[in-house]
Structures are given as C-alpha cells and as structure tokens.
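Listed in TrEMBL for this protein:
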- Asn9, Glu381: Mg(2+) binding site (BINDING)
- Lys16, His205, Leu206, Gly207, Asn208, Gly209, Asp279, Met280, Arg281, Gly327, Ile328, Gly329, Glu330, Asn331: ATP binding site (BINDING)
- Arg88: substrate binding site (BINDING)
- Asp145: active site, proton donor/acceptor (ACT_SITE)
- His177: site 'Transition state stabilizer' (SITE)
- Arg238: site 'Transition state stabilizer' (SITE)
Amino acid sequence: MADTYLVVNCGSSSVKLALYDDQASTLIATALAENLGFDKARLRIAFPRESTEDLAVDAGHQQAIETCISRFRESGWLEGDPAGIGHRVVHGGERFRASVLIEPTVVRAIEECAALAPLHNPANLTGIHQLSRIFPRTPQVAVFDTAFHQSLPEHAFLYALPYRLYQDEGVRRYGFHGTSHRYILQQLAADLDKPESETSLISAHLGNGCSICAIRDGQSVDTSMGLTPLEGLVMGTRSGDIDPGLFDFLAAKGIEARETHRMLNRESGLLGISGHTNDMRELTRLDEQGDQGASRAIEVFCFRLARYIGAMLASVNCPDALVFTGGIGENSAIVRARTLSHLQGLGFDLDAQANNTHGRDSAGEIQLSGSRMIKVIRTNEELVIARDTHHLTVNETSSVSPATRAHGR
Ligand code: AMP
C-alpha cells in the first residue's frame, strides 16, 4: 500500500483516529476509543466496516492507540509507518497562525498554552508523545483550533478590560473551531469557483459546541468564542454569553466561582434550560410533544444565534453566503428556520421546502430566489488536518533535519 496520513484527535478520555490515502484526500478508516481511564473503555472502528471491542478496564490512551494501529494493520489499511501524522491541538495562543511541523520548541509552546486550555492541550500532548513513540521516524504536524482566528483585528479580539490583562496575561478573544470554519471557507470558495481570498461568509458551526465566524476575503475577522470555548452561542451544556456579575451574585449565596464555572460548562446551555438533555434531536421530539422546557431551550438557542448572525454582519457586510454546519447546523431544519425567522429584513429569505430537504447528506442552497445565499455544508475537520499534514510533510520535511523534529519531550 502507498503512503498514508494519520489524523489524531486526543481528548481527556477519548481518542479519534482517521487514516487517509497518499494524497490525504480519501478516507481509508476511522476509529474512536472512549471512556479511557474509566470502566468500560471501548474501541469502535467506524469505517469502512463497523466493529467494537472492549479495552482493558484500566486502558489509557497508549493502549487504545496501540490497539487501534494493530487493527488498522491487521485489516491491511496501514502498512509500514504513516507518511505523516496530524494532531488536532486546541490552543495555540498567539504563537501559531497556521499549522506547523512539530519540533521540540513547538511541544514547549503547546505546553505553555495549556494554561489557556487546561482540559484540552495536555490531552493533545499525550497524543503527540504516544504517536512519536510508536512512529519515531514519522513527521508530526500540529493543527490548531485557534490559528485561523489569529487574523482577528484588535477591535474584535480585545475585551474591554484593563489593557495590562492582555499584555501581561494574554487575556483576549482567541476563538475556536478554526479548522471547521476554514474547511467551510474552502468548500464555499470551491463551490463558487472563487479564490478563497475573495470569498466572504458567515459560518455557523452548531454541534455540541457552537461558534459562529465572520470571514472576510478569506480571513476570520470576528468569532463568537473567546478566551475559552465558553463564550458566545448557547451550546449543548455550555451557557455561552453570560453577565460576569453572575459570579458575585452566586458567591453571595454561597456558590463559589469554581462551582459556577462548572455549572456554566456542564449544566447549562440546551441541557440547563430544557432540564432534559443536550441532544437537539431529542429536544425537537419533546418540543413536538408540547414539552415547554424543550421548546424554551430551542427558542433561546435560535434567538441567540440570530443575534450573532446580525452581529457578524458588522464585520462582513456582503457575505457570499450564510453557511450552517455541525451536527445541528447540518441536520436541523427547525433550528435553521426558527433562527432565520428572527432576521427578516436582513435579506436571508429561507425556502421552506429546500430547508426541509437539505441535510447532512444532501448539502446545498436553501434560500429563495433574490435572497442572500444560505447553504448547508457538511464540515470535515479531519480532512483539513490530513491536507495540512500532507502539505507540510511533503513540502517542508526536506528542510527540517530529523534531529530537530520532536520525538517526545
Ligand atoms: P456534533 O458535535 O457536530 O456531532 O453535533 C452534535 C449535535 O448534533 C447534537 O446536539 C445532536 O443532537 C445534533 N444532531 C445530530 N443529528 C441531528 C438531527 N438529525 N436533528 C437535529 N439535531 C441533530
């Protein structure tokens, strides 16, 4: 078999692997290990044929990755070493404006950024160290969620806080989901047959985490997530925007900041408002049965999103399209319709029939004639990571000596 490219997304208790062909364009296999470090750790091969297996009770990332690589080899999908390994890394701070080959200085910089993403960056580093042990000769690439948003102008990334907090502590808006927003830009530009540098859009990534991005002439110029992925839109369990006065208000009632922070991240959003679930499919079913909590949650979600679409027009006055993506954005006609019902007069006129028929597997335009373009596009963050890895390993490894590449710490 020809060269392959491996994409790795390490979370605190999970790891997702995707294997691509020698051009980093065709998916060969995907696998997901969950519950690592807990009872019932499981590995699921999701593509090209489904299978699941239990991992040892104490299985961690190392065992999960090794088992997965063995299954890829046994099935003949992976022969020898991959030509390149691309890692999703959540926070690159102000240091990384683009994907990079991983060298020891890059590993140190990712460690330094961990203060900004304490749950995510350490897990991403675990993946980098594990894979460099298994494949010591394979170049590895870091693809940052924050990098695409490094083009934000100062007026969009600064909080109205004492300026020294930005200078001394790096407190600013960084934005996340950059890999998804970048993929949407690439797809829209290709669909419109325009260069990315001349393509402008509003990209709404609505999954368990949600963010929206204004992209002007191929560059991110505003986005809803901030210092952390908590700011902005209503999400599955995250509150999005909140009055910071809440912390003091609850402290006076004996609820400490740490507890409030946990509540904002894990017990809020769709789950918190509905009192039932963070799953939009389930909420839609409950709403149809007249459940008030579900209906309230969907309404708050859609109104907040509509406000943000309006706000993004301040940064990109004439978007080529408004694009919905992510599990909810691709699949929920109801969310798209309710959101746009708040924006009448802004030129986003939905075609109800097209909205109901377009979804994840039939992406396309859903506007009436004469309207601004509204599209559903299925996102593919793994493909962006595979492409960046291919690009950097093919074009740049020749200029980097193996000795300076990172193989662990
Ligand atoms: P993601 O994080 O992109 O996988 O998206 C997860 C979210 O997408 C969850 O809230 C799911 O309920 C939602 N979702 C997936 N499929 C559908 C669907 N057919 N209709 C509505 N929401 C969906």
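Each Cβ is built from the backbone N, Cα and C atoms, and glycine gets one as well.
Spatially close to Glu381 (Mg(2+) binding site) yet at least six residues away along the chain are Arg88, Thr179, Ser180, Tyr183, judged by Cβ distances under 8 angstroms. Checked against Glu330 (ATP binding site) by C-alpha proximity, the recorded positions Asn9, Asp145, His177, Arg238 yield His177 as the nearest. Taking the C-alpha atom of Asp145 (active site, proton donor/acceptor) as reference, the shortest distance to any of the recorded positions Lys16, His177, Asn208, Asp279 belongs to His177. Nearest by CA distance to Arg238 (site 'Transition state stabilizer'), out of the recorded positions Lys16, His177, Leu206, Ile328, is Leu206. All protein chains shown were included, and the count of other CB atoms within 10 Å of the CB of Asp279 (ATP binding site) stands at 17. Of the listed binding-site residues, namely Asn9, Asn208, the sparsest CB environment within 10 A is found at Asn208. For the pair Asn9 (Mg(2+) binding site) and Leu206 (ATP binding site), the C-alpha distance works out to 19 angstrom.
With a CB cut-off of under 6 A applied against ligand 1, none of the recorded positions Asn9, Asp145, Leu206, Arg238 are retained.
Its own atom aside, the Cβ of Arg238 (site 'Transition state stabilizer') has 27 Cβ atoms within 10 angstroms in the protein chains shown.
Neighbours of Glu330 (ATP binding site), defined as other CB atoms within 10 A of its CB across all chains, total 22. Take the Cα of His177 (site 'Transition state stabilizer') and measure to each of the binding-site residues Lys16, Asn208, Asp279, Arg281: the nearest one is Asn208. Cβ neighbour count for Ile328 (ATP binding site): 27 (other Cβ atoms within 10 Å of its Cβ, all protein chains included).
Within 10 Å of the Cβ of Lys16 (ATP binding site) there are 20 other Cβ atoms, across all protein chains.
Summary: among the recorded positions (Arg88, His177, Arg281), the fewest other C-beta atoms within 10 A of the C-beta are counted at Arg281. Long-range Cβ proximity for Leu206 (ATP binding site), meaning a same-chain Cβ under 8 A and a gap of 6 or more residues, is found for Leu233, Leu305, Phe324, Thr325, Gly326, Gly327, Ile328, Gly329, Ser332, Val335.
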